[in-house]
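Chemist: Just dropping this structure here.
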Amino acid sequence: MTLQEEIIKELGVKPIIDPKEEIRVSVDFLKDYLKKYPFIKSFVLGISGGQDSSLAGRLAQIAIEEMRQETADASYKFVAVRLPFGVQADEEDAQRALAFIKPDVSLAVNIKAAVEGQVAALNEAGVEVSDFNKGNIKARQRMITQYAVAGQYQGAVLGTDHAAENITGFFTKFGDGGADLLPLFRLNKRQGKALLAELGADPAIYEKVPTADLEEGKPGLADEIALGVTYNDIDDYTEGKVISEDAKAKIEAWWNKTQHKRHLPISIFDDFWK
């Protein structure tokens, strides 16, 4: 088995999907979790305005609405959380996403004071915080906030990790990589777009240039520039297609470099890293 085949098997990506069928798979997955753990009464998700959170958010809202209808339990809620750092340049995109998702509850928590306070405390202790490191602090603060909200709403936190992101490790460890459920796992970027189109999303949501937007020195830096490879190549790779040797080498280098992000903390019984 080639490395490409091993990766595809681990990520569970299908070369061809039926968007309507995959929507039902994700919705049922979320509902099954609620049925298994009846003390969980909500799903919580941070909404950035990009493709991934828009899709995960809409799927979660559908699942919650179906649970309310099937159980007659009005306490089930989907909570969407805006998590800007100061004034968010793409706030209009976030509002467009919220209009599409139609969440039961919409909150906004500005993380700037918390992040700046953490950086100041580190500086006071003699620790210099690089722009890159501060970006990771932002991602982790956003998850701290979502788990606090989940505590209020008896909720589980959703993540937006998908195959095209997972393969490159393009997420912050214990930041946006930390969640309870991943309804998009198994889908690559273009498949996520197909689901959004099937759900009737404004094309502006899934045509937006993907960016983590964590570094202040590189505002709006496109994911593809940061990775050095296009999502089209990543998607082709995860679908088992032949791509250029250069793109293939970059993707596989990211996979190998970020293995630690796809595992729980390493114990003496783990050997994937050796």
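Glycine residues also receive a Cβ, built from the backbone N, Cα and C atoms like all the rest.
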Chemist: To which of K134, K173 does Swiss-Prot also attribute binding of deamido-NAD(+) at the site defined by R140, D180, H260, K261?
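Modeler: So the deamido-NAD(+) site in Swiss-Prot includes R140, D180, H260, K261 plus, from the candidates K134, K173, K173.
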Chemist: So Swiss-Prot lists G46, I47, S48, G49, G50, Q51, D52, S53, K189, T211 for ATP; which of T2, T145, T160, T238 goes with them?
Modeler: T160
Chemist: Neighbour count first, Cβ atoms within 10 Å, every protein chain included; then name which of D52, E165, D180 tops the list of binding-site residues.
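Modeler: The most densely surrounded of these binding-site residues is E165.
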Chemist: Below 8 Å Cβ to Cβ and six or more residues apart, same chain only. Which residues does that give for K261 (deamido-NAD(+) binding site)?
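Modeler: Listed in sequence order: G169, F171, K173, G177.
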Chemist: Using only C-alpha positions, which one of R140, E165, H260 is spatially nearest T211 (ATP binding site)? These are the binding-site residues in the record.
Modeler: E165
